Amino acid sequence: MAAAAAEQQQFYLLLGNLLSPDNVVRKQAEETYENIPGQSKITFLLQAIRNTTAAEEARQMAAVLLRRLLSSAFDEVYPALPSDVQTAIKSELLMIIQMETQSSMRKKVCDIAAELARNLIDEDGNNQWPEGLKFLFDSVSSQNVGLREAALHIFWNFPGIFGNQQQHYLDVIKRMLVQCMQDQEHPSIRTLSARATAAFILANEHNVALFKHFADLLPGFLQAVNDSCYQNDDSVLKSLVEIADTVPKYLRPHLEATLQLSLKLCGDTSLNNMQRQLALEVIVTLSETAAAMLRKHTNIVAQTIPQMLAMMVDLEEDEDWANADELEDDDFDSNAVAGESALDRMACGLGGKLVLPMIKEHIMQMLQNPDWKYRHAGLMALSAIGEGCHQQMEGILNEIVNFVLLFLQDPHPRVRYAACNAVGQMATDFAPGFQKKFHEKVIAALLQTMEDQGNQRVQAHAAAALINFTEDCPKSLLIPYLDNLVKHLHSIMVLKLQELIQKGTKLVLEQVVTSIASVADTAEEKFVPYYDLFMPSLKHIVENAVQKELRLLRGKTIECISLIGLAVGKEKFMQDASDVMQLLLKTQTDFNDMEDDDPQISYMISAWARMCKILGKEFQQYLPVVMGPLMKTASIKPEVALLDTQDMENMSDDDGWEFVNLGDQQSFGIKTAGLEEKSTACQMLVCYAKELKEGFVEYTEQVVKLMVPLLKFYFHDGVRVAAAESMPLLLECARVRGPEYLTQMWHFMCDALIKAIGTEPDSDVLSEIMHSFAKCIEVMGDGCLNNEHFEELGGILKAKLEEHFKNQELRQVKRQDEDYDEQVEESLQDEDDNDVYILTKVSDILHSIFSSYKEKVLPWFEQLLPLIVNLICPHRPWPDRQWGLCIFDDVIEHCSPASFKYAEYFLRPMLQYVCDNSPEVRQAAAYGLGVMAQYGGDNYRPFCTEALPLLVRVIQSADSKTKENVNATENCISAVGKIMKFKPDCVNVEEVLPHWLSWLPLHEDKEEAVQTFNYLCDLIESNHPIVLGPNNTNLPKIFSIIAEGEMHEAIKHEDPCAKRLANVVRQVQTSGGLWTECIAQLSPEQQAAIQELLNSA
């Protein structure tokens, strides 16, 4: 007994040390604690919690540790305890809750009870702790306020506590919550019951019937939101934000009241900023999650806009602002930043059709206000709504731009800054139309603003706006301004370099260096004349700017040098390439000493990749130096944590952590530092593999080992995309090592790629993975997939197609929704486009499999056949029919003559769809009929005969050559050629040929153009009388066809077809008179094209 007491005493000391501010003591205590067996931990912790004479901090610490133990290691610890110990723990916890007098301690024990209850619901939903439920019911109707609080706290923490009995107890739960929400005497009970109600609704987010059943709790809930805010407690308001985010439909019956309350709280300046911003967050969140529902309440939206603008006016006067050299991060808690962000999101959520007419007048009034804060807010508001109101603002952009440019001359520097901001934002939001319309005014105004020497913040922001402008500016528009731009940028750079040396200021210089880089990037080879003006100074900065506070400047200068090098090309850059490489190598050697957050790292990594593009194969020599740090950065592992709500309260986003709510009181946290750098590094590895090919072979093994696991790196989309992109490129690099090495590498990636197609949650990333997988199969060819691969892939593709049809049905349901409007239709169209894009990737994968495996793969394909047949049904949307036909085109092209087995499914639709209203469907059908003639066996002959008049009808229709129809028409012309070439006995070739010649050349569809030119060569080389005409009278027409093909770049000079065409021309050249006659009938452009063909083929 004494030994146990001594051990418990030791444990109290340990708890004290776990709370120690001394890092060494605390670390040692954590190690000791970790080594105590789980069952002993439970005993010690419970004993500490029970002991009311122990220090308060130690008891609270014990409660937190016990909850964490049950949360993270329940299965290892609890089931192994003897059943009497389990029973004792359960009754002990309920006893402590009833006896505990300290409110905060009671809460912590309730958290333990909730955690235990969560783990005691079995797989069938049975609650294995009936005494816990009984305690809940007894306590909630107790006279003791502490016990009522405890019951609500447990229910809030674990709303699923009723398990499979929830439906049975639904009315009881509702009564319990209503009763507590009406408790006028105890605000804490009202607050807790409101939070518990929200938690319960959120836990049942897909149960629409339950929303209706609980709708009458909403008025009481909203009252609790209001009351708690005025008691300086925003927890219920946060619950309302969560409901707006996750289950906005629950709010529908009382949406007006919800919005009115949020509006009132947002506008009440007696509340603190955080509460007002949270109230605004309710409305803004609804504009994102229930836009159609909110659009019906235009009165609220109209009242919310002035509130956001009023917040944006809430700015501090700051004497040092204009010449601060360090850019402090925006104060994200400030009303001004919150208002601007809310406005941006609301404009995107609700759309410009609603928002712009409401806000336009407000902004115009603000811009005329004598107080600078209003003018600043008005301009920032214009910047914020550009993305959401894009379509509506485009129509009045001229007056907006003219007005904004006036404010670049405003007497107040912060207004001039905001005007730069608006110009920069519009240059991005409305590119390239903005640049095309306003280049003259904008460039002149920004260059003038950059001369504002007394206000470097304004100067720097004008340079930043210029960067935005030039990044998206068409090269041809920028060229006329180059002299003037360069002159200004150079003089400012020289001046700011002096200031850096004299005063140490660098803010403007950082931006100007990037402006130079951006101009060079757009101007490309036209920047050559200015190269020598900038390069010496830029090299000087990299050599000398070695102090810690100049790291960003140095990084940006490295970027600038590499972008200029890429712009001017290898020949001009070579004079400095060796110097620059030495500078970079020196930086690289110091790389290992750099701190992880050093801004130079990502600039360095990107610069190396640009140097690789400039130097090509010569870059290979630098790989040993570059690859170490690059792999180190690409291998960064982010800090992650699984936290429950209690732990969350001690964390904040300011520490660089971001959280995702997983429901059930759990959150997933990730420290985001280093993620962008990791993504950049992975993209650079892709760049090296692409540029260096076999020169990168030495590194393929380590890179593939890094990249394959990154297909599951769900913290950053860019990393997964780079991982996927790298796979086929790495296989190409590895080819030189021979088939065995290549196959080993493919085996290492294949499983992971197939699994990633099945599990990838983001459609943009998924399409990249599918595309890469298809490319890999093309590289590896026949035999690269085993039976297990085929089985898994078949299941995944089947699931993707089924999901495609299911999503279409869901969209039809949404079109019947009471809130359906034209903006909803726009977002449904976007979803549809996403789905179709995935369908194109399914087609890509099947194409690569058919082209590699031929007819051997048809038995496997049969599991997908009903779904592909469904795609080409007449009632399906045109993209479905287009891609369904493309898949059958591949079956015919690669699996004939065996493909005829499936002809009953696709032949009739294919013949029918040649005349479809949609050009994309016509094109896919026509291509199919062409490959049917080319590759199909004799069984297809009668269908070639049937196809011909249908194809001719499309070609001869009046609008067959318009932009949207031309590709389909050219496929029809090519198909007619293939029928004549490969199935000549199915049609009257003599009759069709003159028509076919009159339709040539093809110039849009380059692949089909080559096919038709090859057939034309066959006919000419065999001296076909109809083609050449009596006494070669058709030759001038043939020359004209060849010349047009050359002019439209339909003839690739490296293609054997080009040599055949050139030989036709040369033969005519030898018979003088005929040559003169042919050439005489060509225009000067056509003559030049014939000469170009002769020179190059």
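Counting starts with 1 at the first residue shown.
Cβ atoms here come from the backbone N, Cα and C positions, even for glycine.
Marked as N-acetylalanine by Swiss-Prot on the basis of experimental evidence: Ala2.
Away from its own ends, the repeat 'HEAT 1' (5-38) comes close to residues 44, 47-48, 54-55, 57-58, 61-62, 65, 69, 73, 76-77, 80 of its chain (Cβ-Cβ under 8 Å, at least six residues beyond either end). The repeat 'HEAT 1' annotation in Swiss-Prot covers 5-38, and the record cites similarity to another entry as its basis.
Look at Swiss-Prot and you will find 28-99 tagged as domain 'Importin N-terminal'. Within the model, the domain 'Importin N-terminal' (28-99) carries an average pLDDT of 92.
Within its own chain, the repeat 'HEAT 2' (43-77) has Cβ neighbours under 8 Å at 7-8, 11-12, 15-16, 18-19, 33, 36, 89, 92, 96, 102, 104-105, 108-109, 111-112, 115-116, 119, 642, 644, 646-647, counting only residues six or more beyond its boundaries. What Swiss-Prot records for 43-77 is repeat 'HEAT 2', and it gives similarity to another entry as the kind of evidence.
Residues annotated as repeat 'HEAT 3' in Swiss-Prot: 95-122.
Across the repeat 'HEAT 5' (167-201), DSSP classifies residues as 30 helix, 0 strand, 5 coil. As annotated by Swiss-Prot, repeat 'HEAT 5' applies to 167-201, with the evidence given as similarity to another entry.
Residues annotated as repeat 'HEAT 6' in Swiss-Prot: 210-246. Here the repeat 'HEAT 6' (210-246) has long-range neighbours at 170, 174, 177-178, 181-182, 187, 190-191, 193-195, 197-202, 204, 253-254, 257-258, 261-262, 265, 271-272, 274-275, 278-279, 281-282, 285-286, 289-290, 661, meaning same-chain residues at least 6 beyond its ends whose C-beta is under 8 angstroms from one of its own.
Annotation comment: Swiss-Prot describes 298-350 as repeat 'HEAT 8', evidence class similarity to another entry.
The annotation region 'Ran-GTP binding' is assigned in Swiss-Prot to 325-375.
Secondary structure counts, DSSP: the repeat 'HEAT 11' (432-472) has 33 helix, 0 strand, 8 coil. Taken from Swiss-Prot, the feature repeat 'HEAT 11' covers 432-472, and the record attributes it to similarity to another entry.
Marked as repeat 'HEAT 13' by Swiss-Prot: 525-568. Sequence-distant contacts of the repeat 'HEAT 13' (525-568) (same chain, six or more residues past either end, CB-CB distance under 8 Å): 475, 479, 482, 486, 490, 493-494, 497, 500, 504, 506, 509-510, 513-514, 516-519, 576-577, 579-580, 583-584, 587, 598-604, 606-607, 610-611, 613-614.
Per Swiss-Prot, repeat 'HEAT 14' is recorded for 570-615, and the stated evidence type is similarity to another entry.
Sequence annotations record features per position, and here Swiss-Prot assigns repeat 'HEAT 17' to 741-780.
Here Swiss-Prot flags 787-853 as repeat 'HEAT 18'.
Only residues 6 or more beyond the boundaries of the repeat 'HEAT 19' (856-895), in the same chain, are considered here, and those with a CB under 8 A from a CB of the stretch are 790, 794, 797-798, 801-802, 804-805, 808, 832, 836, 839-840, 842-843, 846-847, 849-850, 901-902, 905-906, 909-910, 912-913, 916-918, 920-921, 923-925, 927-928, 931-932, 934-936. The repeat 'HEAT 19' annotation in Swiss-Prot covers 856-895 and is backed by similarity to another entry.
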Checklist entry - Ranking 95-122, 432-472, 570-615, 741-780, 787-853 by Cβ pairs under 8 Å to the repeat 'HEAT 8' (298-350), which is first? => result 432-472
Next on the checklist: Using Cβ atoms and a strict cutoff of less than 8 Å, what residues sit near the repeat 'HEAT 3' (95-122) while being 6 or more residues removed from its termini?
Outcome noted: 49-50, 56, 59-60, 63-64, 66-67, 70-71, 74, 78, 89, 128-129, 132, 135, 146-147, 149-150, 153-154, 157-158, 160-161, 163, 644, 646, 664-665
Item to check | Residues of the parent chain within Cβ reach of the repeat 'HEAT 17' (741-780), under 8 Å, 6 or more residues beyond its termini | outcome: 700-701, 704-705, 708-709, 711-712, 714, 717, 720-721, 724-725, 727-728, 730-732, 734-735, 789, 792-793, 795-796, 799-800, 834-835, 837-838, 840-842, 844-845, 847-849, 851-852
Item to check | Helix, strand and coil totals (DSSP H, G, I; E, B; other) for the repeat 'HEAT 8' (298-350) | outcome: 34 helix, 0 strand, 19 coil
Checklist outcome for this item: Checked against DSSP, the composition of the repeat 'HEAT 19' (856-895) is 31 helix, 0 strand, 9 coil
